[in-house]
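K.L.:
Before I ask anything, here is the structure I am working with.
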Amino acid sequence: MLKKDMNIADYDPELFKAIQNETLRQEEHIELIASENYTSPRVMEAQGSQLTNKYAEGYPGKRYYGGCEYVDVVETLAIERAKELFGATYANVQPHSGSQANSAVYMALLKPGDTVLGMNLAHGGHLTHGSPVNFSGKLYNIIPYGIDESGKIDYDEMERLAVEHKPKMMIGGFSAYSGIVDWAKMREIADKIGAYLFVDMAHVAGLIAAGVYPNPVPHAHVVTSTTHKTLAGPRGGVILSAADDEDLYKKLNSAVFPGGQGGPLMHVIAGKAVAFKEALEPEFKVYQQQVVNNAKAMVEVFLERGYKIVSGGTSNHLMLVDLIGRDLTGKEADAALGSANITVNKNSVPNDPRSPFVTSGVRIGTPAITRRGFKEVESKELTGWICDILDDASNPAVIERVKGQVLALCARFPVYG
C-alpha cells in the first residue's frame, strides 16, 4: 500500500546520504563543466510528478495505450513551446538524450555505410559526430573536418572534403569549440553536393533560444539538442526542423518511435515543457547574455596570465585552455582544481600529444556559475584563482587557500537561494 508520507531518508538512508552529499557538493563546489547546469525547482517538480507512472507509446492523439488524454496535453505543450522557442515547424520532444536524438537522425536519413562529414572529435566535435568508438563511427563512413591554425573551423577544407567525398549528410555542432559557426555557409556547401545538413546545437541551444548565438534552424534540414546544458532543463533530447517537409518529419518520428525508443518519459517531457516556457521569458535572455559576458571575462584573465586559449577567445559559453608546453596535463589540472572545489573536465586540444585519458587541456564553461548569479567581477576573480593553481598545481597551500575562497564565494551565491 502506497502512502504519501513514504520517504527515502527513512527507508534507504544509504541512498539518501549519497543524495544529500551530492546536494552539498553542488552548493560548495564551483561548477565549470561546460555541459552542466542547474535546473529550476519547477522542472524538478515536473520530473517528480505522477506522470512517471504513465506509459504513452506513440504520439499525441495516436497512442497505443488508453488513458493518455492528459499526457497528450503535456507533450503538446512541450512540442509547441519548442517550436516557438526556435522558430521550427516540427519538434519531437521524446528523445531520452541528445545522443538518442542524434541516432534517430542517422536512422531517418541514412543507411549503414553512407558517408558523413562531421567535426573531428579532437578538434571540438562530439562522439556522435563520427568517433570510431561510437555507433556513428562504427556504422557510417565518416570523413572528419577540423579547425585551421587560428583555431577556427576551416570552411575551405570542409568544402574540399565535401566535394571530394560527396557525403549524404554533413554535421554541424560541437562539444568543445568556442567560436561562431556559419550555418548558412554549411548549408551552401551541403546544397552544392546535395547533402542533408544536420546540426547538433546541444551546447549552445540556450544561447540560441535567447538570440545571443546564431540559430541553425532556418538553415539546417534537421537540428537536435539536449534540453539541459545552456537550456537549463531536464536531461533529455529534442529534434527540430523548419524544412516544411512532412515526409522528413514522418521519417524522424518513426526513427524515434518505434525505431529507437519505446515509451516516452512523460515526467521528463513535462520538465521539458516547463524549461521551454522558462526559456521564453525575458529574464532568460538576460541570463544567456551574462553567460557569454562571463566567458569573455574569464578568457581575458587567462590571456593576461599567459595561458593559451584555443581559437584565442570565445563567442559562446565555453573556452578550451591549452596546456601543451606546460609541465601539467589536463588530468593533473582537473584533479588539482577539483581539490580546491572547482570542477572542470580534462579535454583534448588540437594536435594533442597525450591520450584522451590524460589530455593537454581543460574545458571550462560558464552556464552554471552564471545561474548562481556570478557576473564579470566574480568570473574574473575565479579565473585568477584557477591560474594560481595551474601555476603551482602541486602546492597544497595554494590549493587550500583557493578552496577557502571558493567556499566563501559559494556561500554568497547559493545554487538555490
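Quick reminder: no glycine exception, Cβ is built from N, Cα and C everywhere.
A quick note: this is a predicted structure, and the numbers were derived from the prediction, not measured.
Pulled these features from Swiss-Prot for this protein:
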- Leu121, Gly125, His126, Leu127, Ser355, Pro356, Phe357: (6S)-5,6,7,8-tetrahydrofolate binding site (BINDING)
- His228: site 'Plays an important role in substrate specificity' (SITE)
- Lys229: N6-(pyridoxal phosphate)lysine (MOD_RES)
K.L.:
Give me the non-local Cβ neighbours of Phe357 ((6S)-5,6,7,8-tetrahydrofolate binding site): same chain, 6+ apart in sequence, Cβ-Cβ under 8 Å, ordered along the sequence.
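P.N.:
Long-range Cβ contacts: Lys331.
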K.L.:
Based on the record's binding annotation for (6S)-5,6,7,8-tetrahydrofolate (Leu121, Gly125, His126, Leu127, Ser355, Pro356, Phe357), what whole-number value in Å is the widest Cα to Cα distance?
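P.N.:
Looking at Leu121, Gly125, His126, Leu127, Ser355, Pro356, Phe357 as a set, their Cα atoms extend up to 17 Å apart.
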K.L.:
Rank the binding-site residues Gly125, Pro356 by the number of other Cβ atoms within 10 Å of each Cβ and report the first-ranked residue.
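P.N.:
It comes out as Gly125.
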K.L.:
Work through the binding-site residues one by one (Leu121, Leu127) and point out the residue whose CB has the fewest other CB atoms within 10 angstroms.
P.N.:
Leu127
K.L.:
I want to check the contact list for Lys229 (N6-(pyridoxal phosphate)lysine): same chain, sequence separation of six or more, C-beta distance under 8 angstroms. What comes out?
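P.N.:
Counting only residues 6 or more apart in sequence, the Cβ neighbours of Lys229 (N6-(pyridoxal phosphate)lysine) under 8 Å are Ala34, Ser35, Glu36, Asn37, Ala202, His203, Ala205, Gly206, Pro367.
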K.L.:
Long-range neighbours only, meaning 6 or more apart in sequence with Cβ under 8 Å: which ones does Ser355 ((6S)-5,6,7,8-tetrahydrofolate binding site) have?
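P.N.:
Those within reach of Ser355 ((6S)-5,6,7,8-tetrahydrofolate binding site), by Cβ under 8 Å and sequence separation of 6 or more, number none.
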K.L.:
Looking only at His126, His228, the recorded positions on record, which one has the least crowded Cβ, with the fewest other Cβ atoms within 10 Å?
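P.N.:
Looking at the recorded positions His126, His228, the Cβ with the fewest others within 10 Å is that of His126.
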K.L.:
What's the CA to CA span in angstrom from Leu121 ((6S)-5,6,7,8-tetrahydrofolate binding site) over to His228 (site 'Plays an important role in substrate specificity')?
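P.N.:
One finds 21 Å between the Cα atoms of these residues.
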